[in-house]
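**Q** The following block contains the structure, expressed as structure tokens.
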Amino acid sequence: IWVSEMLQLPLVVTAQVDLLLVLVSLLAFWTRLSHLSYPNAVVFDEVYYGQFVSLYMKRVFFIDDSGPPLGHMILAFGAYLGGFDGNFVWNRIGAEYPTTVNVWSLRLLPALCGALCVPLVYLLTLELKFSHLSALGAAVLLLLENSLIVQSRFMLLESVLIFFVLLAFFSYLRFHNASWSRYIWLILSGVSCGAVVGVKYMGLFSYLLLLVVASLHTWKLIGDKTISHRNVCVQCVHRVLCLVVVPVLLYVFWFYVHLSFLNRSGPHDQLMSSAFQASLQGGLSRITRGQPLEVAYGSQVTLRSSVSQPIPCWLHSHKVNYPIRYDNGRGSSHQQQVTCYPFKDVNNWWIIKDPGRQQLVVDTPPRPVRHGDVIQLVHGMTSRFLNSHDVAAPMSPHTQEVSGYIDFNVSMPAQNLWRVDISNREAESEVWKTILSEVRLVHVNTSAVLKLSGVPLPDWGFRQLEVVADKLFKAHSSSLEWTVEEHRYGTSQEQKEREAELHSPTHIDVDRKISFWAKFVELQWKMLTVKQEESEHKYSSSPLEWITMETNIAYWLHSSTNAQIHLIGNPVSWGVGNLSLLAYQLLAVVYLLRRRRGLKDVPDGVWDQFVCLGCVCVGGWLVNFVPFLLMDKTLFLYHYLPALCYLYLLSPALLEHAHTHLLSSLTHQRALCVGALAVLLSIFLTYRTFCPLTYGSPELSAHQLQGLKWRDTWDILYRRR
């Protein structure tokens with residue numbers, strides 16, 4: 001009896017369900033996930049991302065200069081759920097997937113993210129303090145946007161990026177508006193921000209926009225005298241921790257997982273330093289494992305240029321001399337050529353010699369070479385000394401020639417002394433170390449520094465890269481730095497025995513690794529500086545073409561029929577978004593001018609709502625569009641999709657603002673509602689019209705396809721029958 005009194009039986013639980021939210025969510029999942037395995041072929045950029053997914057499955061290291069690793073990890077996780085083993089060659093668009101590849105699983109996670117964007121826009125509109133009707137309008141615009149459907153149904157990353165951006169803003173605004181459990185939302189916003197930047201670097205601009213909005217709210221909070229100083233400090237600290245520290249830690253964490261998981265050597269190793277390569281299983285690590293750590297007098301070494309990217313090259317010489325005269329009539333020393341050679345070769349070996357001694361073998365115990373020591377470099381196979389002098393280099397006449405010295409008795413004495421300058425000795429030590437030390441070789445006689453100019457030599461130099469000595473050099477130029485990659489202690493004084501020794505492999509069972517932070521910093525630098533060669537693409541476009549939708553992209557064409565998939569937006573909703581953007585800006589200017597004159601057309605609360613809408617939606621469009629105007633890279637229509645989502649968020653909210661605060665006449669309000677319904681109907685009809693190009697079915701005739709070419713600049717493919 002006592003228990004029943006305490007519990008107040010019967011227990012009743014009351015729940016509120018937003019049926020509109022449920023409806024748009026179900027429709028979103030239906031439009032994004034139905035028949036996800038069709039077509040059973042590689043679609044457009046799946047050929048690009050699929051290669052990285054295969055490398056993940058095989059735990060092979062790679063570097064993608066277009067973005068951080070989280071997006072690739074999400075795609076790889078979807079492939080893992082489907083049992084993909086990585087054994088598929090992503091070599092061309094349209095290649096059929098074998099039956100062993102679970103196509104549905106490969107595309108599942110991007111499709112889920114694309115579907116969840118629809119309810120997120122609904123909820124985000126509510127957090128901007130607009131009505132459920134406006135939220136429904138924003139959700140419908142996203143729901144019926146053909147380009148967003150296409151982009152989310154394949155193994156691509158835009159839908160993932162948009163999902164995390166919307167989640168970050170929704171979580172932050174929920175935190176800002178909530179009265180309880182609010183810090184859970186702030187943490188979720190910080191986590192989403194970390195994911196935004198972790199998927200694509202373009203997400204950084206949306207993240208910065210969120211920080212600006214949060215900063216404005218925090219500044220307003222600081223000026224609120226009803227809140228104690230202690231409470232203000234606590235809330236500021238919470239915001240910094242959740243919106244700055246958490247995203248930074250997560251960003252580093254994505255790379256920690258990436259580098260920990262991809263521990264095998266692969267095709268992208270050559271982009272990284274020798275130390276980075278040696279930390280991976282296979283590849284260079286098999287060659288360098290167990291090498292002596294400290295370079296000593298008598299060491300046999302190969303010297304790799306630190307700037308030779310993306311193709312590595314090593315200091316090299318061979319039994320061929322510079323021509324007596326070059327094509328332009330300039331003379332040379334006619335001494336032995338010294339170049340940089342992009343392949344492993346026995347002629348890449350050099351011997352570190354003490355200028356005061358004749359021996360070319362390592363002492364017992366070895367005498368290490370230190371920063372500031374003066375050495376000679378003897379070419380292992382020809383015994384020529386590395387030399388430089390006041391003779392112009394063949395391709396870079398403003399620098400000195402570097403040669404293997406030959407005494408022709410023509411009053412050109414040997415100048416073969418080099419001072420060792422270890423540029424990163426603060427991080428390591430004064431001792432020259434294999435792989436770890438970055439060394440500059442300073443010519444003692446002229447103070448010039450050994451440098452890779454990177455200019456290919458003519459046929460007489462076998463198209464190898466020119467090496468020079470330069471007096472006018474930048475203090476931190478990586479073209480001046482060399483790293484000992486392969487290293488052994490020399491044991492043979494005689495030339496014949498030494499040549500045999502240089503041809504033989506070395507191996508001692510010692511292992512050496514570099515820290516995660518060293519790998520993280522190097523990988524960051526490579527991603528930001530080493531760019532793959534850009535090439536013109538048939539479907540590339542300029543940002544200004546996106547606004548008016550003058551371009552499209554053919555994603556897939558059936559091998560024998562007219563069935564095809566195109567990235568084409570919904571022209572009606574695209575136009576609505578552009579008009580809303582223009583209308584908001586004009587209205588904002590009018591409001592600002594009138595408020596400057598002391599005329600307040602709307603109450604302060606409505607004005608704050610209007611300003612917040614502009615910061616999020618217009619600001620979101622700007623930060624996701626303007627940067628592309630400044631980029632010198634190949635761009636495509638799908639780069640515009642994140643900016644487009646902000647316009648779809650803006651349109652219904654601006655319509656509600658006009659209906660509620662600008663139109664006082666009931667007739668005008670009804671006319672606006674009728675016009676809005678007509679526009680929604682035309683958006684739906686346009687969506688249905690372009691569905692065959694969105695889903696790839698049903699197949700259309702050539703005449704029907706011609707009818708879908710609403711703009712002359714669209715490239716619709718068809719076969720005449």
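Backbone N, Cα and C atoms are what each Cβ position is placed from, and that goes for glycine too.
According to TrEMBL, the feature domain 'MIR' maps to 292-355, 366-423, 428-487. Taken from TrEMBL, the feature transmembrane segment applies to 7-30, 70-90, 102-124, 155-173, 185-216, 236-257, 572-593, 605-630, 636-655, 671-690.
Can you tell me where each of these features sits in the structure?
**A** Helix first, then strand, then coil: DSSP counts for the domain 'MIR' (366-423) stand at 0 helix, 26 strand, 32 coil.
Within the chain carrying the transmembrane segment (70-90), a Cβ under 8 angstroms from the stretch's Cβ atoms is held by residues 42, 46-58, 64, 97-98, 100-102, 104-110, 155, 157, 160-161, 195, 198-200, 254, 257-258, all 6 or more beyond its ends.
Sequence-distant contacts of the transmembrane segment (155-173) (same chain, at least 6 residues past either end, Cβ-Cβ under 8 Å): 43-46, 49-50, 53, 67, 71, 74-75, 78, 106-107, 109-111, 113-114, 116-117, 120-121, 123-124, 127-128, 148, 185-186, 188-189, 192-193, 195-196, 199-200, 202-203, 206-207, 210, 213-214, 243, 616, 620, 638, 641-642, 645.
If you look at the transmembrane segment (185-216), the same-chain residues 6 or more away from its ends with a CB under 8 A from one of its CBs are 66-71, 74, 157, 160-161, 164-165, 167-169, 171-172, 174-175, 178, 238-239, 241-251, 253-254, 612, 615-616, 619-620, 623-624, 627, 639, 642.
Within the same chain, residues 128-130, 165, 169, 202, 205-206, 208-209, 212-213, 216, 543-544, 546, 581, 584-585, 588, 591, 595, 639-640, 642-643, 645-647, 649-650, 653-654, 657, 661 sit at least 6 positions outside the transmembrane segment (605-630) and bring their C-beta atoms closer than 8 Å to a C-beta of that stretch.
Note on the transmembrane segment (636-655): residues 117, 121, 124-125, 128, 130, 133-138, 141-142, 145, 147-148, 151, 156, 158, 161-162, 165-166, 202, 206, 537, 539-541, 543, 545-546, 551-553, 567, 569, 573-574, 576-578, 580-581, 583-584, 587, 613, 616-618, 620-621, 624-625, 628, 672, 676 of its chain, located 6 or more positions outside it, place their CB under 8 angstroms from a CB of the stretch.
For the transmembrane segment (671-690), the residues of the chain that approach it from at least six positions outside its boundaries are 137, 140-141, 144-146, 568, 570-573, 576, 655, 658-659, 663, 708, judged by C-beta separation under 8 angstroms.
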**Q** Restricting to the domain 'MIR' (428-487), report the mean pLDDT as a whole number.
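**A** Computed over the domain 'MIR' (428-487), the mean pLDDT is 84 on the 0 to 100 scale.
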**Q** Please indicate, using numbers and ranges, the residues of the same chain that are 6 or more beyond the transmembrane segment (572-593) and have a C-beta under 8 Å from a C-beta there.
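**A** Those are 141, 144-145, 547-549, 601-602, 607, 610, 613-614, 617-618, 621, 644, 647-648, 650-651, 654-655, 679, 682-683, 686, in sequence order.
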**Q** Below 8 angstroms Cβ to Cβ, which residues of this chain, lying six or more residues outside the transmembrane segment (102-124), approach it?
**A** 20-21, 24-25, 27-29, 31-33, 36-37, 40, 46, 50, 53, 74-75, 77-79, 81-84, 135-136, 138-139, 142-143, 148-149, 151-157, 159-160, 162-164, 166-167, 169-170, 173, 645, 648-649
